[in-house]
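What follows is a set of notes on a single structure, which appears directly below.
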């Protein structure tokens, strides 16, 4: 009542129709996809099997790879939630992708697991890299043109990284499985 007498309009109630939490409603879609897929791929690595079957039998460097990937996943999640710059998220994303690529054979994954996991990580890395590149678009361009080019770059990064991720995942898995590449 007092607000109407002071000439101020009462605030509209917050829209609670969205299923997403408040912290991610204003987040760009590509960042939300990166956030969700990061934990999806991590759950596919069968980490409990790694601990159950490999405790004591795993090479010490494998434990280093696991610790590095866990550390950077936490860092990347914090950067996404706090809305850090795309460059920082991308730089935190690279060690995660490399760590997961090495951990797939160590957790008993096969060639298909390596291809699928690395494809997801490459796609998200491609989107983050293209979003970072898009942030350098000329400031004198109209906003609508900048957003169109930004969206096109992110989609291009998605589709360009998919075959690269599959190829890199299968190639690295074959090299590790054959013993010609020793990372741990």
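Just so it is clear, glycine is given a Cβ too, placed from its N, Cα and C backbone atoms.
Feature annotations, reproduced from TrEMBL:
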TRANSMEM  29-51  transmembrane segment
TRANSMEM  63-82  transmembrane segment
TRANSMEM  89-107  transmembrane segment
TRANSMEM  119-139  transmembrane segment
TRANSMEM  151-173  transmembrane segment
Tell me whether the transmembrane segment (151-173) sits in contact with the transmembrane segment (63-82), defined here as at least 3 Cβ pairs under 8 Å among residues 6 or more apart in sequence. no
Are there residues at least 6 beyond the ends of the transmembrane segment (119-139) whose Cβ is under 8 Å from a Cβ of it, and what are they? 28, 30, 33-34, 37-38, 40-41, 85-87, 89-90, 93-94, 96-97, 100-101, 146, 149-150, 153-154, 156-158, 160-162, 164-166, 168-169
